[in-house]
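Undergrad: For reference, the structure I am asking about is given below.
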Amino acid sequence: MRWKLNSSAYKRVPSREAAMDPDLETPVKMADGGAGPSWRMSLPHVCVATLTSFLFGYHSGVVNEPLESISTDLGFAGNTLAEGLVVSICLGGAFVGCLFSGSIADGIGRRRAFQLSALPMIIGAAVSALTNSLEGMLLGRFLVGTGMGLGPPIASLYITEVSPPSVRGTYGSFVQIATCLGLIVSLLIGTPVKDIDRWWRVCFWVAAVPATLQALGMEFCAESPQWLYKCGRTSEAEIQFEKLLGPLHVKSAMAELSRSERGDDGENVKYTELFYGRNFNVVFIGTTLFALQQLSGINSVFYFSSTVFRSVGVPSNLANICMGIANLSGSIVAMLLMDKLGRKVLLSGSFLGMAFAMGIQAIGANRHHLGSASVYLSVGGMLLFVLTFSLGAGPVPGLLLPEIFPNKIRAKAMALCMSVHWVVNFFVSLLFLRLLEQLGPQVLYTMFASACVVAAIFVRRHVVETKGKTLQEIEVSLLQPQ
């Protein structure tokens, strides 16, 4: 029998132990005639949470334009290693932050974890803005990176746990949209850097504003009811459900939650428990999805885009904005379709579209036979690749994985999967130019296209559809005994 929030309600459960009594799961008719929870009540909480994703996008692009001015003012102009470190040290910080995100989210809760992730972003932005040395810049960027690694996994957890099933996909797409907006804003803020002396310091100070707003805003947001329930704080979970869903849906939400938690001993899961038993299946899906996302070559396309655009006379500023618009446009379309077509359709279609677009780039790399047409194929292929990525492969994994992970392992499983994301991201970025030089663009782009095809096949075979289902329905269906 399947239970739905919009079709039934349950008798009130005064405590966690009582909630686990099957005799209390007697459906009763809702006073509102069966209407589902309103999206309006949870929207403000989701918007505050997505500030983390905005900051992620902003810090990913904040040094792109000002890097030359930064290197000149801080005395390492011409030192490509130092310039590379300023850009990439965030990856190291992000990996460290991501490793601890699961334990922090489970230990102090989602709201406090958001505030903790904002702290290094505020301090790091201030250190970067005030520094007069390379060492200070690297320290500031590393601190920002820890916040970048800590925040996004918690945002995915929180948005999944506080959203009504009917709009969970739409709200999950906010993460990708906020990231795109952060990237675009960083490019726009950095535009005057060549005309105004030391403008790069302003770029870093601007980053402290949304981080501060999030730290303050989280004081007024709801805590995750799933986390509270897992901690045995049932009455508090009911209060948060009322804040997020409305009083008419508290009983049904608590009863749904109790179904998936039966047999849970209430203790925090260890990381080793993710690698065996029934948990391994969903963790395998999650880590493989993030690995294939990075092996598709998306970061390589972003890295190489400016060079290709410049070859047809398009300035790098305009190139970056075109890529940002393509990314944002696809993300908005994904938001509109996520709860209509479902996660699986968008994800598999996205990977197939990316394979096609990467194939166009591979063909365009043959400049000897195609002449000037090859450049236009490369530019068109890049824009199409980014567009199709943002339709599914970009936003879906961060939404889908918290949905399929059981409440007991959700935080640590997300931390593990995001850590795999950062590791593969690092090695693809590290080896891209070397492989481009050794293999040539045609072979390399063909490899990326093949990875996209493998990803589409993997999605079709292993990924389950979660559209419109409660988290507890998904958990029960995935972890039922075989």
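Each residue, glycine too, has its Cβ placed from N, Cα and C.
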Undergrad: Looking at 33-55, 171-193, I want to know which stretch TrEMBL calls transmembrane segment.
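TA: Within the set 33-55, 171-193, TrEMBL attaches transmembrane segment to 171-193.
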Undergrad: Which is it, of 138-159, 204-225, that TrEMBL names as transmembrane segment?
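TA: TrEMBL lists transmembrane segment for residues 138-159.
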Undergrad: The transmembrane segment (442-459): which same-chain residues, six or more beyond its ends, come within Cβ distance under 8 Å?
TA: 288-289, 292-293, 295-297, 300, 344, 347-348, 351-352, 354-356, 358-359, 361-362, 365-366, 393, 432, 435-436
Undergrad: Is it the case that the transmembrane segment (375-401) and the transmembrane segment (171-193) have 3 or more CB pairs under 8 Å, with pairs at least 6 apart in sequence?
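TA: The answer is yes, given that the two segments have at least 3 Cβ pairs within the 8 Å cut-off.
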Undergrad: Considering pairs 6 or more residues apart, do the transmembrane segment (413-436) and the transmembrane segment (280-298) have at least three CB pairs under 8 Å?
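TA: Output yes: the transmembrane segment (413-436) sits against the transmembrane segment (280-298).
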Undergrad: Hey, which bits of the same chain come close to the transmembrane segment (171-193), Cβ under 8 Å, at least six residues off its ends?
TA: 39, 42-43, 46-47, 50-51, 53-62, 64-66, 69, 152, 155-156, 159-160, 163, 199-200, 202-203, 206, 317, 320-321, 324-325, 327-328, 331-332, 334-335, 338, 390, 394-396, 398-399
